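To start, the structure under review is shown below, and the notes come after it.
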Amino acid sequence: MIFSTLEHILTHISFSIVSIVITIHLITFLVDEIVKLYDSSEKGIIVTFFCITGLLVTRWISSGHFPLSDLYESLIFLSWSFSLIHIIPYFKKNVLILSKITGPSAIFTQGFATSGILTEIHQSGILVPVLQSEWLIMHVSTMILGYAALLCGSLLSVALLVITFRKNRKLFYKSNGFLNESFFLGENVLENTSFFSAKNYYRSQLIQQLDYWSYRVISLGFTFLTIGILSGAVWANEAWGSYWNWDPKETWAFITWIVFAIYLHTRTHRNLRGANSAIVASIGFLIIWICYFGVNLLGIGLHSYGSFPSTFN
């Protein structure tokens with residue numbers, strides 16, 4: 001009873017903080033960035049991280065098993081993973097771009113998980129026999145950590161594509177206007193050129209940073225995903241007598257692995273880096289959500305215990 005009450009309190013606190021942080025992010029997005037508001041949102045995410053940590057620990061103690069047995073618990077852990085990536089000092093001190101992605105990701109994941117949509121499976125129950133294994137922590141935690149890192153890296157690639165597309169479009173329009181002006185007003189050529197190159201240099205630097213951090217984060221996520229798939233195969237052999245059963249979840253996890261393997265392969269070719277590899281990562285972003293979330297809509301296969309309430313039975 002005490003643990004249930006504590007879990008209920010932590011859930012509402014984290015959701016309240018998430019709602020406030022979302023509002024602050026919208027304000028700083030629509031208006032010029034206000035330092036004090038931005039600092040408040042950063043502190044809010046840190047507080048949310050500790051609330052989620054407390055929620056997971058409380059649920060672990062009350063249920064007697066690691067809280068990764070259903071969709072609600074995996075969403076909470078995914079939000080915790082985003083928050084962890086967000087507050088790691090190494091990322092925090094070296095790159096602000098990554099925090100722009102991980103912050104909102106943690107906020108909206110936590111908001112969805114605690115919004116009441118998944119109320120029917122909030123209560124922790126007895127594990128189904130197949131989940132009563134020591135492989136639960138190893139397999140599911142590494143998979144979700146991999147999803148979190150891959151989603152963050154993919155979002156950085158999406159941002160790279162957006163900026164690249166806008167840059168190329170503006171270059172096209174400005175170059176046409178520049179040619180027309182230089183034809184009639186030759187004395188303005190040097191002035192237009194200096195303005196043009198300064199703005200272009202800033203965008204080029206931003207694109208390079210996005211490309212660099214996207215590759216680093218996706219590489220980390222790919223490592224976790226590989227470990228998760230291999231540990232899942234060993235667990236499947238123990239539980240079902242086969243390393244691979246072509247279950248919908250397994251199939252889409254394999255497709256996800258292939259897509260990001262292709263991404264990492266494109267990174268080995270200098271001509272395919274940047275926008276070309278970012279396109280592959282953007283496709284991977286959609287594939288991850290199909291694997292993690294979309295398959296649960298079906299509620300079929302050996303992983304049906306992670307489905308939505310309507311199909312949970």
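Including glycine, each Cβ sits where the backbone N, Cα and C put it.
Going by TrEMBL, these are the annotated features:
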TRANSMEM  12-32  transmembrane segment
TRANSMEM  44-62  transmembrane segment
DOMAIN    68-303  domain 'Cytochrome c assembly protein'
TRANSMEM  74-91  transmembrane segment
TRANSMEM  112-132  transmembrane segment
TRANSMEM  144-165  transmembrane segment
TRANSMEM  213-236  transmembrane segment
TRANSMEM  251-266  transmembrane segment
TRANSMEM  278-302  transmembrane segment
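With a cut-off of 8 Å between Cβ atoms, the residues of this chain six or more beyond the transmembrane segment (251-266) that come close are 143, 150, 218-219, 221-222, 225-226, 228-229, 232, 272-273, 276-277, 280-281, 283-284, 287-288, 290-291, 294-295. In this chain, the transmembrane segment (278-302) lies in contact with the transmembrane segment (144-165); the count of Cβ pairs under 8 Å, excluding pairs fewer than 6 apart in sequence, is at least 3.
The average pLDDT computed over the domain 'Cytochrome c assembly protein' (68-303) stands at 77.
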